[in-house]
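K.L.:
Below is the structure I would like to discuss, written out as structure tokens.
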Amino acid sequence: MSPFLYLVLLVLGLHATIHCASPEGKVTACHSSQPNATLYKMSSINADFAFNLYRRFTVETPDKNIFFSPVSISAALVMLSFGACCSTQTEIVETLGFNLTDTPMVEIQHGFQHLICSLNFPKKELELQIGNALFIGKHLKPLAKFLNDVKTLYETEVFSTDFSNISAAKQEINSHVEMQTKGKVVGLIQDLKPNTIMVLVNYIHFKAQWANPFDPSKTEDSSSFLIDKTTTVQVPMMHQMEQYYHLVDMELNCTVLQMDYSKNALALFVLPKEGQMESVEAAMSSKTLKKWNRLLQKGWVDLFVPKFSISATYDLGATLLKMGIQHAYSENADFSGLTEDNGLKLSNAAHKAVLHIGEKGTEAAAVPEVELSDQPENTFLHPIIQIDRSFMLLILERSTRSILFLGKVVDPTEA
């Protein structure tokens, strides 16, 4: 039986998981405010991978809530590719959307290194931090360069773990995850295969306040939300009259609303017309995002947004296989860039995500006094955007143009 590598991608509350290792050379200082052509190129490739993965989820879990962190999954797989060689490595990066002829491996590695550095760059009023942990079996001998890279270049915590005691290993990993996620995720790993010799755990912590927080006194406790033609549920509905960037895409039959966080992040709510969700999902791409970015116009909106929490857990193994990552799971897997030990292969890739949308922002907390801007007298002249049926949600970081989180809310009452 081959020894297994277990990849855990953890996302919570707007929190998630990411892992990455380094390319040759030293990390250069990153300046998140400085334009970077490589980052923008990568953001387009990463966005297209995100939408391809999203469409896989719609097939596997039709009519269900979807929520995951694309940047987490991409960065974790790139990290894995650093330890992979030959066709194992090629399949991973090509599944992510990279063409090694156009974008050499070293450029991909440096690009993700700078991406992670930029995302971790301190920003006032925005908590965004990527962390990594590597649990290595006591008998595994990782290559010194690989170990040095993940420790020094990506500040990865490395633990020596006794995987011969499966119960104790699970407890060690789950305790670390629970501590790092401030108790949001408990008992993440329920099952480890007996031959597991390495576990990679990656997370993003994200917390931000709306630039225009909602007044809780205006939240309606029970409002109808349409799940399908015959089913509605009752949800709390937040309300405000405010200026937002928005548009109606006549080609895709959807309304797009941009809600800014107080610093360097934004949420895009995509509300298709009834019966048009599938056509909108099929059209989502990096080009679509660029088009919307050009066309969004700021104006007064009478806005109704549900207050909700959702979560999603995925076993990515079968999904990644269908998308093209096959050698990594096979007996022919080549992880000789990670260890000289033979026979290492990928066992599983687990991903968990949790989201809360409330009056203040992405997490429930004491709500400060709400400052109201001057509102127009003739409110009936302004568009009403009522998010009262299934919608897509994207959360992006501005400086890197990265999709931190992507999802679809079908039923906001299903936590």
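Just so you know, glycine gets a Cβ as well, placed from its N, Cα and C.
When I checked Swiss-Prot for this same protein, it listed these features:
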BINDING   ASN293, ARG398  thyroxine binding site
CARBOHYD  ASN36  N-linked glycosylation site
CARBOHYD  ASN99  N-linked glycosylation site
CARBOHYD  ASN165  N-linked glycosylation site
CARBOHYD  ASN253  N-linked glycosylation site
SIGNAL    1-20  signal peptide
K.L.:
Determine, from DSSP, whether ASN293 (thyroxine binding site) sits in helix, strand or coil.
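P.N.:
Helix, per DSSP.
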K.L.:
Distance check, please: Cα of ASN165 (N-linked glycosylation site) against Cα of ASN99 (N-linked glycosylation site), rounded to an integer number of angstrom.
P.N.:
42
K.L.:
Let me check the 10 A CB neighbour count of ASN293 (thyroxine binding site). How many other CB atoms are there?
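P.N.:
Cβ-Cβ neighbours of ASN293 (thyroxine binding site) within 10 Å number 14.
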K.L.:
Using the alpha carbons only, what distance in Å do you get between ARG398 (thyroxine binding site) and ASN253 (N-linked glycosylation site) once rounded?
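P.N.:
It is 26 Å, counting Cα to Cα.
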